[in-house]
Amino acid sequence: MITRFAPSPTGLIHLGNARTALIAYFAARSSGGEFILRIDDTDVTRIKSEYVNKIFTDLSWLGIKEDLCIKQSERCELYANAVVKLKESGRIYPCYETPEELEIERRSLLARALPPVYRRKNRPQHSTRLPYYRFELDPDRVVIWEDKLRGKIVIDLHSTSDPIVIRENGTYTYMLPSVVDDIECRISTIIRGEDHISNTAVQIQMFEALGCTEIPKFAHMPLLKLQTGKMSKRAGGNEIQTFRENYIEPEVICLYLLNLGSKSRSTFKNYKDYSNFNLENYSSSSSVTVLEDEIYSLNADFLRLSNYEDLARRLGGVSKTFWDAVKNNVKSIPEVNYWWEICTTEAKLYPGIGCNAQLVRDAISVLPQEEVSRETYRRWVELIVENYRYDKREVHINLRLALTGKVGGPEMAAILPFISRERILIRLNDSLS
């Protein structure tokens with residue numbers, strides 16, 4: 001199987017793009033095939049070079065390694081050859097209408113209760129205007145294909161306009177170059193969102209017009225949506241870059257997206273085993289909702305299940321004993337580093353805010369003489385409760401505030417052994433000043 005992922009560098013890759021890339025990548029690898037990355041950069045008015053670089057960064061971060069990378073901007077000669085062939089066969093024709101004239105025609109058709117469809121007619125040449133070009137569809141032919149996820153799909157193109165393939169400025173639209181590249185790269189399976197179903201019907205006619213005898217198989221995935229609505233580059237907030245900057249692990253994004261909408265459930269241990277992957281396990285339901293809270297929760301699970309040795313390089317000087325003490329109560333690696341700094345250095349705290357000063361004084365009066373361990377911390381809390389009649393929860397909250405400057409975090413009994421008794425006493429007194 002040869003698959004491809006074809007992002008357009010007009011924005012950052014979001015979760016929906018990444019899911020398509022991952023599924024196409026795993027489909028290729030599970031079959032022993034090839035995965036091709038194609039940069040769709042023909043629309044010079046919208047693309048930005050910075051987004052090209054970020055596509056590579058995001059895919060590399062996700063562990064996606066292409067077998068071949070092509071850029072459409074470097075393949076225009078191939079497209080020009082295809083255009084010559086289609087002109088010779090009469091399937092591409094010039095048009096001269098301005099956008100304003102097309103809008104007038106559209107309104108006229110609607111006013112007569114007719115579909116606003118652009119078809120080839122005896123359209124006059126225009127001596128002073130540059131032409132743009134359309135591909136002539138066969139409107140009387142119903143396009144049928146067997147989708148790998150949705151089964152039989154039937155599209156009637158009677159109400160579809162002939163698509164524009166070359167703009168007035170000579171640049172290509174998405175439709176034709178995509179087909180030319182799929183033929184030239186021998187793509188066997190095209191995996192993409194369900195919003196491309198109508199494009200597929202049009203492109204099947206393009207494949208045929210170019211003499212392609214082995215048209216790729218298609219798998220149209222349900223679109224991802226957020227709880228707040230549709231996912232898109234324009235809406236933002238769900239980009240891979242954003243999750244990376246928020247310290248979500250790449251394994252978490254991969255596992256979450258690969259499991260989303262699938263009948264089978266992979267784990268961190270086995271999701272990279274390509275032999276477990278089956279494209280047909282994915283649902284063809286109309287949409288799949290992304291719950292960002294689940295991603296952050298899954299990140300915490302990943303850290304909890306990770307071995308110290310696997311993360312040691314990224315943990316800096318954090319000791320294994322500290323990692324084991326806090327890993328069940330943190331959601332990101334920077335959070336581990338943060339708590340390590342609080343516990344082992346003279347970190348700048350603001351512990352006095354919100355503390356019960358009398359409780360802190362009472363806590364100082366019964367602070368054990370030995371270095372604090374899990375057991376001595378529990379005994380210390382019990383002494384404060386028994387001697388001064390405080391609620392145990394209140395004691396925990398105030399000790400946490402005084403000693404860490406925070407209202408939440410890892411279990412106090414787990415982290416206090418990493419704060420020396422001397423530092424504990426200093427912080428308790430500082431919280432009173």
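Cβ atoms here come from the backbone N, Cα and C positions, even for glycine.
Checked against Swiss-Prot, the range among 7-17, 40-50, 117-127, 161-171 recorded as motif ''HIGH' region' is 7-17. Motif ''KMSKS' region' is the annotation Swiss-Prot gives to one range among 230-234, 375-379, 405-409, and that range is 230-234. The DSSP breakdown of the motif ''HIGH' region' (7-17), given as helix, strand and coil counts, is 3 helix, 1 strand, 7 coil.
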